[in-house]
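> Here it is, the structure in full.
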């Protein structure tokens with residue numbers, strides 16, 4: 001089968017364009033994330049004190065009139081459970097205010113700022129960054145489509161193509177998550193990862209457009225590989241959230257101890273660590289399910305291609321290692337047998353095994369799965 005050189009060239013042009021737009025989105029998101037911390041003047045501090053006093057009085061009045069039940073969970077991100085969270089449950093309605101009402105001297109931790117003009121400007125940066133990310137994703141996806149059309153096959157036959165489509169899926173997971181949860185604070189991390197992925201795909205992993213090798217010419221490539229790609233995208237965003245959770249937990253610990261947050265002050269407008277962890281956990285849970293299907297589908301394909309379900313090939317071993325690490329992560333999270341910070345580290349270890357499986361195993365381990373194209 002001949003390669004359509006024109007479409008292959010367009011594919012490369014589109015991915016370079018996507019990389020440029022991702023770079024712009026990364027910079028804009030960085031302005032939103034690392035924007036200068038507002039200094040409180042004496043007047044502002046006085047106003048804040050008056051507001052705090054009024055709020056305190058309102059709370060006392062509310063306690064006399066509202067039928068509420070409160071329970072305090074004492075602990076920190078290092079001691080399991082929520083981070084010093086006060087959970088208020090109104091007997092006349094659901095307890096839907098968890099993690100969103102608490103305000104401390106390091107910021108409200110709500111992820112939405114305080115409504116000031118400075119915060120509004122930061123939100124403008126976040127909106128622009130999101131728009132640029134969506135534009136870059138469209139260019140990214142168009143590049144993948146034209147790459148597939150140039151050789152008239154599924155565009156995931158080597159490491160370059162896998163890296164391109166897996167990173168695109170990670171971007172889509174991020175954008176879709178935005179419809180349900182404001183995680184724009186994650187934009188810098190996600191666009192940075194996408195930028196690095198594109199850079200590696202077009203340099204270190206670069207492979208000219210070509211037909212599939214005979215061993216991959218099976219309908220199972222349309223089942224096994226896409227699910228693996230989806231799993232990678234889900235677990236990538238989950239790992240990014242786990243990273244932010246660890247940083248936010250460290251900031252909260254400093255503030256709780258009465259110390260200055262220091263370089264972690266940029267996290268003050270993000271949700272609390274426990275809230276971030278909850279989103280990370282949900283994505284990892286779905287990613288684990290899809291990865292389980294990936295391993296099962298791979299075993300079935302192996303039986304069809306080589307006459308056995310499992311042969312302890314390097315790729316098979318590391319796919320199983322990934323499954324075991326994430327199983328341990330989910331078990332620890334479900335039973336709360338470990339601290340949230342330790343659980344987050346398990347999440348990151350799982351992601352490291354994914355990267356190791358994709359890079360080191362594909363390039364340096366000889367086996368039946370040596371289809372890197374390098």
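Don't overthink the numbers, they just go from 1 along the chain as shown.
A Cβ is built for glycine as well, from the same backbone N, Cα and C atoms used for every other residue.
So TrEMBL lists the following for this protein:
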| type | residues | note |
| --- | --- | --- |
| DOMAIN | 158-369 | domain 'Cytochrome c assembly protein' |
| TRANSMEM | 12-31 | transmembrane segment |
| TRANSMEM | 124-142 | transmembrane segment |
| TRANSMEM | 162-178 | transmembrane segment |
| TRANSMEM | 185-207 | transmembrane segment |
| TRANSMEM | 219-244 | transmembrane segment |
| TRANSMEM | 279-302 | transmembrane segment |
| TRANSMEM | 314-331 | transmembrane segment |
| TRANSMEM | 343-365 | transmembrane segment |
> Counting Cβ pairs under 8 Å that are 6 or more apart in sequence, does the total for the transmembrane segment (185-207) and the transmembrane segment (279-302) reach three or more?
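These two segments do not touch.
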> Summarise the model's confidence over the domain 'Cytochrome c assembly protein' (158-369) as a mean pLDDT value.
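Residues in the domain 'Cytochrome c assembly protein' (158-369) carry a mean pLDDT of 93 in this prediction.
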> Report, as numbers and ranges, which residues of the same chain sit near the transmembrane segment (219-244): CB under 8 Å and 6 or more residues beyond its ends.
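Sequence-distant neighbours of the transmembrane segment (219-244): 154, 156-157, 162, 165-174, 177, 183, 185-186, 189-190, 193, 212, 267, 270, 276-277, 279-281, 283-284, 286-287, 290-291, 293-294, 297-298, 300-301, 304-305, 326, 344-345, 347-348, 350-351, 354, 358.
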